[in-house]
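Student: Relevant sequence annotations retrieved from Swiss-Prot are reproduced here:
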- 1-53: topological domain 'Cytoplasmic' (TOPO_DOM)
- 54-76: transmembrane segment (TRANSMEM)
- 77-502: topological domain 'Lumenal' (TOPO_DOM)
- C152-C203: disulfide bond (DISULFID)
- N153: N-linked glycosylation site (CARBOHYD)
- N163: N-linked glycosylation site (CARBOHYD)
- C174-C239: disulfide bond (DISULFID)
- C183-C483: disulfide bond (DISULFID)
- N189: N-linked glycosylation site (CARBOHYD)
- N209: N-linked glycosylation site (CARBOHYD)
- N255: N-linked glycosylation site (CARBOHYD)
- N267: N-linked glycosylation site (CARBOHYD)
- N372: N-linked glycosylation site (CARBOHYD)
- C399-C479: disulfide bond (DISULFID)
- N401: N-linked glycosylation site (CARBOHYD)
- N442: N-linked glycosylation site (CARBOHYD)
- 478-481: motif 'DXXH motif' (MOTIF)
Amino acid sequence: MWSALFSHLREVHKRSGVKEEKLIMKSPPAAGEAGCHKPQATATNKMTVLQSPLGLRTILTSLVAFFIVVSSVSLLFDRGQDAQAQLAVEQHQHQEVLLKQKPASAAVGEQKSVVVDQSSLRSQEAQVQWTSELQDVATDSGDGGFDGEEDCNWSLGRWVYDNASRPLYSGLKCSFIFDEVACDKYGRNDTKYQHWRWQPHGCNLPRFNATKFLEKLRNKRLVFVGDSVNRNQWVSMVCMVEHFIPDGRKMRVYNGSLISFKAFEYNATIDFYWSPLLLESNSDNPIIHRVEYRIIRADRIEKHANVWKDADFIVFNSYLWWRKQRDGMMMKVMYGSFEDGDAKLDEVQMVDGYEIALKKLTEYLGANINKNKTRIFFAGSSPAHSWASNWGGDDNNKCLNETEPIQIEDYRSATTDYGMMDKAKEIFGTLEPKGIHVQILNITQLSEYRKDAHPTIFRRQYVPLTKEQIANPSIYADCTHWCLPGVPDVWNEFLYAYIMHK
């Protein structure tokens, strides 16, 4: 590029009539004359450079030519990058066709991938590695299929340490992870918790395939609706798919209580909507709320429903905010409105408030949901591990320093309310006669075992924990949410299996 530029400048210089002889300068003035006289240039009798009336025009012409060449090269470089990114997409699509045409007798575990030349992309993080089975290496279902085991209960099984196929992604490389669940980023050196795979008894979970899932979501919207544990699952899902989407073709957008992840390549959206009590409440602000002082509006859900009712897939959850934080804690329920002058405030048991919320949600779904379009899921209770004495530990440490799952089969914590899920199944069952099925994601039992998988003190909640807070795990260790990669990835494997195969 540079040799062509200099040749062009030389040609312009020649056309201007300026000759290329050497310039001869007089000796500089003596020391005593410094500052009194300017050095003057003299030339041979053939030299006319400094006196040429075309000198200014020559310089301007040269500068214009320089900028034209640089702009042209930059434009060609940008187009070349776009073309290579588009080529990556086309190669991936072609590879998917080839994989679909692969004979059924192909060997189990055979992998084919298309790796894009990374040197042509805008940044190292924009590397595109379209590998259709990258995350599926060590599971038992050879082609990511369902195995035909439609009666299999995935929720019954055991955790198997798997250093080959787990984790499904790197938390340090997921650009959309939240700091409150990024445990290895905030100092957790033990990463064993990332390598456990859930193995159901007598069957296998379909392998998660990010590109197939994104294809399923093409021109569709998946929305998670609920509390911070549901946001935990949403972040997990985004991390499970975002690695397979090049930079510039994905985006996270904040809009009040709604956070959207957009995959432009597929025109797919994966949303999280903050609605911890499902109904309208005084806790609807995702930042400003008080867990201990809660009021729900028993007859108001439309403000929330207008956000999620047209989605293709909806995953609700609501459990954490219905647990008692202390003895005697009640839920305040408001009927009517102050505007209409008929406001009435009651206090009910927490579980009764939960029933009020689910019945109102069910009533709305039955009257407004498009059963031919929208599939509905409800995530089971996510157990906390705040009382180490439940498994023989020290309550002062909560779940800090736990590195192994609980090995007691069918272990159930005394603090997990299984009756709430039974109530949810009963209430959602009233939609069946209307042709609306709410699929329960039975995640509770498998999560009960994982006392080792919480952020504890290895997190950031708006600001990093202080040394004093880190030294006081009985107050500041988070044993409710889940490190990522981790347990919520399995919840999403359940969701994937239902969406793709059932």
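Here the Cβ of each residue, glycine as well, is placed from N, Cα and C on the backbone.
Thinking about packing and proximity, how do these listed features fit into the structure?
Tutor: Packing around C152 (disulfide bond) is summarised by its Cβ count: 18 other Cβ atoms lie within 10 angstroms of its Cβ, all protein chains included.
For N153 (N-linked glycosylation site), the same-chain residues 6+ apart in sequence whose C-beta sits under 8 angstroms from its C-beta are P200, H201, N442.
Annotation note: N163 (N-linked glycosylation site) sits in a coil segment as assigned by DSSP. Around N163 (N-linked glycosylation site), the C-beta neighbours below 8 angstroms that are at least 6 residues distant in the chain are H195.
Counted within 10 Å of its Cβ, the other Cβ atoms near C174 (disulfide bond) come to 20, all protein chains included.
Cβ contacts within 10 Å of C483 (disulfide bond), excluding its own Cβ and spanning all protein chains shown: 28.
Sequence-distant contacts of N189 (N-linked glycosylation site), defined as residues of its own chain at least six apart whose C-beta falls under 8 angstroms from its C-beta, are absent.
In this structure, N209 (N-linked glycosylation site) belongs to neither helix nor strand by DSSP; it is coil.
Every protein chain shown contributes to the tally, and the Cβ of N255 (N-linked glycosylation site) ends up with 10 other Cβ atoms within 10 Å.
Cβ neighbours within 10 Å of N267 (N-linked glycosylation site), excluding its own Cβ and spanning all shown chains: 12. According to DSSP, N267 (N-linked glycosylation site) is assigned to coil rather than to any helix or strand.
Other C-beta atoms found within 10 angstroms of the C-beta of N372 (N-linked glycosylation site) number 6, with every protein chain shown included.
Taken residue by residue with DSSP, C479 (disulfide bond) is part of neither helix nor strand, so it is coil. Around the Cβ of C479 (disulfide bond), 22 further Cβ atoms fall within 10 Å across all displayed protein chains.
Every protein chain considered, the tally of other Cβ atoms within 10 Å of the Cβ of N401 (N-linked glycosylation site) stands at 15.
For the recorded site, N442 (N-linked glycosylation site), the DSSP three-state label reads coil.
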Student: Can you give me the Cα-Cα distance between N255 (N-linked glycosylation site) and N267 (N-linked glycosylation site) in Å, rounded to a whole number?
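Tutor: Computed Cα spacing between N255 (N-linked glycosylation site) and N267 (N-linked glycosylation site) is 19 Å.
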Student: At the Cα level, what's the spacing in Å between C152 (disulfide bond) and C239 (disulfide bond), rounded?
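Tutor: That separation, Cα to Cα, works out to 27 Å.
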Student: What does DSSP say about C239 (disulfide bond): helix, strand or coil?
Tutor: helix
Student: If you compare CA-to-CA distances from N372 (N-linked glycosylation site) to each of the recorded positions C203, N267, N401, C479, C483, which comes out shortest?
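Tutor: Of all the candidates listed, N267 is nearest in space.
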Student: I'd like to know which of these disulfide-bonded residues, C183, C203, C399, is least surrounded, judged by other CB atoms within 10 A.
Tutor: C203
Student: Here the recorded positions are C239, N442; which one has the lowest number of other Cβ atoms no more than 10 Å from its Cβ?
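Tutor: Counting other Cβ atoms within 10 Å of each of the recorded positions C239, N442, the minimum falls on N442.
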